[in-house]
Amino acid sequence: MTPTEFEFLKKFLKTRSGLVLSNDKQYLVESRLLPVARTAKLETLSALVQSLQRGGNRSMEENVVEAMTTNESFFFRDKTPFEHFKDTMLPHLLESRARTRAIKVWCAACSTGQEPYSLSIVLKEEAARVAGWRIRILGTDLSNEVLDKAKAGIYSQFEVQRGLPIQLLLKYFEQKGDVWQINPGLRAMVEWRKLNLLESFSHLGEFDIVFCRNVLIYFDQPTKTEILDRLAKSLPEDGYLVLGAAETVVGLTEAFKPVPGKRGLFQKKQVANTTTRPVPARMVAGAGLTR
Amino acid sequence: MKQCLVVDDSSVIRKVARRILEDLNFEITEAEDGQQALDVCRQTMPDAILLDWNMPVMDGLEFLTSLRGEAGGEKPVVVFCTTENDVAHIARAIRAGANEYIMKPFDREIVEAKFQEVGLI
Ligand SMILES: C[S@@+](CC[C@H](N)C(=O)[O-])C[C@H]1O[C@@H](n2cnc3c(N)ncnc32)[C@H](O)[C@@H]1O
């Protein structure tokens, strides 16, 4: 691959998915994109680049973008966000949303599904507290491949042993030969959609909680800021944003501030008195997901 | 330093487990079967036990049952580590008093995740 070709790929990926590649990542690009070239019956990366430059091959373009994503995820990753969900966010929302009895959660960049499923497990464990509530979880990602896996809810023995306590594995999964599948009841709690965070997501409506973890790290600062500012518009004043362990809003946007003492948890700058928030507006916004 | 007893009839597995657990700051003792493990525990109860299932002389489940009946035997956190990976075996182990369960093959990440799960690290 020539330097010009590498430059082209860098720009292509930056535009399509936001991914920022440093110059020392040429080896990574080669090892991830050669299989894509082979699938498209192309011999070399140069041929792949030429084909991308000519344009018109949508599925190959998508394959290139997907092949460059990092999809690592595991159940209850970093633990604390799920404790915050159970002990901080849920109690607050169960009180402030008592009139509508509806809560919407969005896992933006959910990869293979461990994050939304961890939330659905928490909700099952807390079934008594949320009885009679309509709690919906939406999982989105840029990549079709990870969404297919997420939908199936099938995980290897290795995957179910990272972060998932054995009791929860027995309780919520069914063993199928070498693999484990999460129970239909939990699968039904999550809706899946393909979504590129670079594109508009206002059509998804308003959410009470957005998990956006370990994806902004791949983007440059203006892109992070732009996405965070749009996420702020998808949340009511007292909604929650959850970022990954290595991520923050500090220095990126004024739209969110860290919740004191809760690592990874953020709220909009002006936290309104939740009881004075006009309920009808929220009911309208909350209905968006079903359409 | 926390003490961990590694019980497995395979010296290779004991060595691999020892290396991982020493990196996690555990002091390791080893036993080749359940009976040896019980003898070790009667001398000093470790903080943690990594326990194989199928072993000669006394298997892991028998050991666990005896251990939980001993004075002070409720103290060690027991993590099974076995090729028995079906629901029936796992459920039996939990009922007998196991705190966590690793299905072989395992690696550093799994051991670390499971030991975190039970609050050992
Ligand atoms: C490391 S995973 C994070 C999974 C999960 N949130 C977690 O923290 O474990 C990052 C995911 O972001 C997705 N992704 C990358 N760029 C994206 C974009 N522009 N829009 C939506 N998703 C994107 C990738 O496909 C990948 O599945």
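Positions of Cβ are set from backbone N, Cα and C atoms, glycine also.
TrEMBL entries are annotated by machine, without manual review.
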Site co-member for S-adenosyl-L-methionine according to TrEMBL, given A:Asn71, A:Ser73, A:Arg77, A:Glu115, A:Asn196, A:Leu197, A:Arg213, A:Asn214, out of A:Asp24, A:Asp141, A:Asp148: A:Asp141
Cα-Cα distance, maximum over A:Asn71, A:Ser73, A:Arg77, A:Glu115, A:Asp141, A:Asn196, A:Leu197, A:Arg213, A:Asn214, record's S-adenosyl-L-methionine binders, Å: 22
Integer average pLDDT (0 to 100) for the domain 'CheR-type methyltransferase' (A:1-267): 97
